[in-house]
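Since the structure comes first, as structure tokens, the remarks are kept for the end.
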Amino acid sequence: GTASVAVAGIFAALRITKNKLSDHRFVFQGAGEAAMGIAQLILMAMEKEGISREDAIKKIWMVDSKGLIVKGRSHLNHEKEMFAQDHPSVNTLEEVVQKVKPTAIIGVAAIAGAFTEKILKDMAAFNERPIVFALSNPTSKAECTAEQCYRFTEGRGIFASGSPFSKVTLPNGQTFFPGQGNNAYVFPGVALGVIACGVRHISDDIFLITAESIAAQVTEQNLAEGRLYPPLDSIREVSLKIAVKIVDWAYKHGLASWYPEPADKEAFVKRLVYSPDYDSFVIDDYRWPPAAMQTQDV
């Protein structure tokens, strides 16, 4: 879920940077499960654009507690070895950003303040629209605040967070409403789509489809306000569209269990959407009008 919602935010950001995913270089602060999940989904999306897996891996750099993950470094597990770069050792995130000049930095190590003023200013110097995702929870562990990102990038940063942040207004009057990459965007729609058609195997493709669907529902107005995700109050509509996409994909790839295949997949899924409205079990109570209860003279 974390990977899917993070990549959804990246897809939305591409509409601002106006280039392809494979044109970007990513630096991760953290190399645990969350980082690996996001990186693997980015690889899938880059391969879908047409570049080789080998070339895609070269665009993803990871920093853990011992510095940049590079080839020849000892005690790397299999997943870290996959993303080990052919590069001299670098000890700090600041140095990595200076040397790699990434277009996007993604924080998933729960190190508060990891995205320093210098890093954010460097990102703004290297890129017209730097992508800054501070995804660690809770807010006290965020790599930077929304206000810091916008202030140190002169309002050009494309920001998303794992924790909620209030709107930010800069001295020049620019106002931003930071997007929160919440798993709530992912799981209801995925569960609905999987259950609706009885998907036999939940592959990473489903989470990539989900990311694409979430990003497609972000409006130009949302982007102009700094939002990389649809408003949470539209979560039912977002989830429905995700589910329909999954059902369509499952039937096309022979992974659905329920047949015959529905002709109208949206109507098919809508019938399964939970409704919080219940019939009343209270006995109907009728009251006579007061005037009718009065004794009348004959």
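We count from 1, first residue shown onward.
The backbone N, Cα and C atoms fix where each Cβ goes, and this holds for glycine too.
Caution: TrEMBL annotation is automatic and unverified by curators.
Record features, source TrEMBL:
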DOMAIN    1-251  domain 'Malic enzyme NAD-binding'
BINDING   Asn137, Asn182  (S)-malate binding site
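Set side by side, the binding-site residues Asn137, Asn182 differ in how many other CB atoms lie within 10 angstroms of their CB, and the most is found at Asn182.
The average pLDDT computed over the domain 'Malic enzyme NAD-binding' (1-251) stands at 94.
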